[in-house]
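What follows is a single structure, written as structure tokens, with notes after it.
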Amino acid sequence: MSDDKNETEGAPGPGEDGRRRERVIGTPSPAREKALLAEDDISAPAGVGEQLDEASMKRAERIVATFFLVAFAASVTFIAYFIGWSGRDGGMHGVLRARESNFWLGGTMALSFLAMAVGVTIWVRRLMTSKPIVQERHELAADEESRAAFAQDFMEGAEDSGITKRPLLRRTLLLAAAPLGLAPLVLLRDLGPLPEKRLRHTYWGEAVKKAQAEGKKGVRLVVDGTNKPLRVSDFSSPGGMITVLPEGIEEEVPEEQVLTQNAKAVTILINVPPDKFKPAKGRENWHVNGIVAYSKVCTHVGCPAALYEQTTHHILCPCHQSTFDATDAAKVIFGPAARPLPQLPLAVEDGYLVATSDYHEPVGPSFWERG
Ligand code: FES
């Protein structure tokens, strides 16, 4: 009995309440439903390809194979893009090309899974016989009889799918699955390279060296966004917080490195009330009248610790609520961060706030290799 015939016989009929029932697209027609329920022995093996004639089955087979080939092409494109094009224009792993690489990697991977899913769905719906399958609830440990029944069902399913008799489908399916299996291995590349010593230094160190070579005390702090050097008098009210960077970072760092250098050097400046301030041992002269500078990169996993509570003098990281005490060397008082925010030594030169050295310890998450 063909599907077309079923569709004709299965036209919606009146329900128990006498009203015309609408048939949901994709569900068996009422006539087909009755026929299925009437089958006494539902475990009897169904003949392979009972539902379609040979020509229709061949057509369906070609359609399925086409989807598998599309899945294969998409997976290969994913890997080729990841490897082949990753070196262009500073690499797709940089911040600048994240959107483009997300689009292509996500798009090709999604297309591959979609094509594979559509192919398998058409295979099951068009080339395998349909019959109701009832699975009774049973104990978790199956008895011998159940296992034998499962093995028999499995073999029937394998026979029904025609995977041994249809080499074209079998080979294109394996072809489509192979690159997908390799994709996770390729992604391991994103775990490296290790940062090694690159986090030990920020642009503050380089800028301070240049300034000191010109006979200055240190490099001036500029306000993030305006690049305006900051006078002590501009930041004299206790309770304030502002984000600063080393002067010259925008002009002197190569353009493709500006974002990376900014991300490492970004610093928060806080004016802590003098009566609350507790300078750490050995850092007594690292502040200017209670104005202190700490790295803005959270020592948990690197979010910007960008919130400041004026009344408690707490610096908060919004990602996982790590809390640092601005009055006490930015020590951790709550949350998952494992160490304080690194502190930048400050001084005054010609009325401007300057940094007199780089951070004395690496900025950023504690788990990064800091050797
Ligand atoms: S990144 Fe700051 S608390 Fe997790």
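Using N, Cα and C of the backbone, Cβ positions are placed for all residues, glycine too.
Those TrEMBL annotations? Automatic predictions, nothing curated.
Owing to the predicted nature of the structure, the values given are computational and were not obtained by experimental measurement.
Feature annotations, courtesy of TrEMBL:
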- 1-33: region 'Disordered' (REGION)
- 63-83: transmembrane segment (TRANSMEM)
- 103-124: transmembrane segment (TRANSMEM)
- 291-355: domain 'Rieske' (DOMAIN)
Would you mind giving the whole-number mean pLDDT across the domain 'Rieske' (291-355)?
94
Close approaches to the transmembrane segment (103-124) from elsewhere in its chain (Cβ under 8 angstroms; 6 or more beyond its ends):
60, 63-68, 70-72, 74-75, 77-78, 81-82, 161, 169, 173, 176-177, 179-180, 183
What residues in the same chain, six or more past the boundaries of the transmembrane segment (63-83), come closer than 8 Å to it by Cβ-Cβ distance?
92, 101, 104-105, 108-109, 111-113, 115-116, 118-120, 122-123, 126-127, 168-169, 172-173, 175-176, 178-180, 182-183, 186-187, 189
Could you put numbers on the helix, strand and coil content of the domain 'Rieske' (291-355), residue by residue per DSSP?
0 helix, 30 strand, 35 coil
